[in-house]
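J.: I'd like to ask some things about the structure below.
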């Protein structure tokens, strides 16, 4: 029990210290790709997975391009490079570049079933479709792309 409390206090201190390095403009971008159980489809503490996730990185870059000024972007890049280097990922871009084609791609899935019923002998048919659904994952398009590496470090901040 004491170990859990100690670990929680230690992690809270680390998060607070690291948040000072994260530009405020980047926080909405990080929030967009962070869930309770992970970051962009990776485990919360799987830094290598997050830093290597190209579409996710592109999506974060597009968000940062909209949200941050030049200083904020520079700070976010530096922070992300530091975090990713700890996992051995060093092939990150030096600046924020939004690859809209990678960031806007997504996945969609759905099913539709139909039934036709003749309504008269003159071959007039009535069709009805039921059960159609479509699900678009907003984070899926952001999971693999080259330019948005910045969000990795920021996402790790929230994951801690």
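Glycine is no exception: its Cβ is also placed from the backbone N, Cα and C atoms.
Straight from Swiss-Prot, here's the annotation block:
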- 1-17: signal peptide (SIGNAL)
- 18-111: domain 'CFEM' (DOMAIN)
- 25-68: disulfide bond (DISULFID)
- 29-63: disulfide bond (DISULFID)
- 42-49: disulfide bond (DISULFID)
- 46: heme binding site (BINDING)
- 51-84: disulfide bond (DISULFID)
- 102-140: region 'Disordered' (REGION)
- 102-135: compositional bias 'Low complexity' (COMPBIAS)
- 139: GPI-anchor amidated asparagine (LIPID)
J.: Averaged over the whole of the domain 'CFEM' (18-111), what is the pLDDT?
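T.: Average per-residue pLDDT within the domain 'CFEM' (18-111): 84.
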J.: Pop the Cα-Cα gap between residue 51 (disulfide bond) and residue 29 (disulfide bond) into the table, whole Å please.
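T.: The separation of the Cα atoms works out to 15 Å.
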J.: Around residue 68 (disulfide bond), how many other C-beta atoms are within 10 angstroms of its C-beta?
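T.: Around residue 68 (disulfide bond), other Cβ atoms within 10 Å: 20.
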J.: Using C-alpha positions only, work out which of the recorded positions 42, 46, 51, 63, 84 is nearest to residue 25 (disulfide bond).
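T.: The answer is 63.
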J.: Measuring Cα to Cα, how many Å separate residue 68 (disulfide bond) from residue 42 (disulfide bond)?
T.: 25
J.: On the DSSP side of things, how many residues of the domain 'CFEM' (18-111) fall into helix, strand and coil, could you say?
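T.: Helix (H, G, I), strand (E, B), coil: 53 helix, 8 strand, 33 coil.
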